[in-house]
Amino acid sequence: MSYRKTVVSARRDQKKGRVGGLTEEQKQEIREAFDLFDTDGSGTIDAKELKVAMRALGFEPKKEEIKKMIADIDKAGSGTIDFEEFLQMMTSKMGERDSREEIIKAFKLFDDDNTGFITLKNLKRVAKELGENLTDEELQEMTDEADRNGDGQIDEDEFYRIMKKTSLF
């Protein structure tokens, strides 16, 4: 099995249990945050409440960002958003955050010696741990494909770029 197939397989397994890009647990967290800040029970939240709800979910939105988000999603122009609109917006936000975070976590797993780079040695170790019988030549090809600046190692940006290119994240 190739490295790409291994990553595809792992990614597929990870996606199981997700509905609409979010796990049921994440959807429940979003519902709880929305309900908590819909203090009047109207089924909608305004810009101020949106900011607080997003903070409760671990985001730090700026005032301008909040205004733009409401304008983008509040097609009726009411100045408020309902739960479905909030869920749609947070699904997108969490998806953006999750993919970057997942890729960085994966990078750190490869970079076990904390050099800030993935070397051929790191790649060999991971392949061995995964039970992949890859030759040095195959591992070198993988390194070469990701190594855009030609320094023989893969930095975080190069890793992020190659992972996004594979359409797995």
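Cβ coordinates come from backbone N, Cα and C, glycine included.
Neighbours of D40 (Ca(2+) 1 binding site), defined as other CB atoms within 10 A of its CB across all chains, total 8. According to Swiss-Prot, the feature Ca(2+) 1 binding site maps to D38, D40, S42, T44, E49.
The Ca(2+) 2 binding site annotation in Swiss-Prot covers D147, N149, D151, Q153, E158 and is backed by sequence analysis. Under DSSP, Q153 (Ca(2+) 2 binding site) is assigned to coil, being neither helix nor strand in the three-state scheme. The C-beta environment of Q153 (Ca(2+) 2 binding site), restricted to residues of the same chain at least 6 apart in sequence and closer than 8 Å, consists of T115, F117, I118, T119, T143, D147.
Residues or ranges marked as domain 'EF-hand 1' by Swiss-Prot on the basis of sequence analysis: 25-60. Away from its own ends, the domain 'EF-hand 1' (25-60) comes close to residues 19, 66-67, 69-70, 78-83, 86-87, 90, 93-94, 97 of its chain (Cβ-Cβ under 8 Å, at least six residues beyond either end).
Within the model, the domain 'EF-hand 2' (61-96) carries an average pLDDT of 83. What Swiss-Prot lists as domain 'EF-hand 2' is 61-96, and the listing cites sequence analysis.
Per Swiss-Prot, the feature domain 'EF-hand 3' maps to 98-133.
According to Swiss-Prot, the feature domain 'EF-hand 4' maps to 134-169.
Per Swiss-Prot, region 'Disordered' is recorded for 1-24.
For the domain 'EF-hand 2' (61-96), the list of distant contacts is 20-22, 26-27, 30-31, 34, 42-47, 50-51, 53-55: same-chain residues at least six beyond its ends, Cβ to Cβ under 8 Å. Neighbour counts of Cβ atoms within 10 Å were taken for the binding-site residues S42, T44; the minimum is at S42. Looking only at Cα atoms, E158 (Ca(2+) 2 binding site) sits nearest to E49 among the binding-site residues D38, S42, T44, E49.
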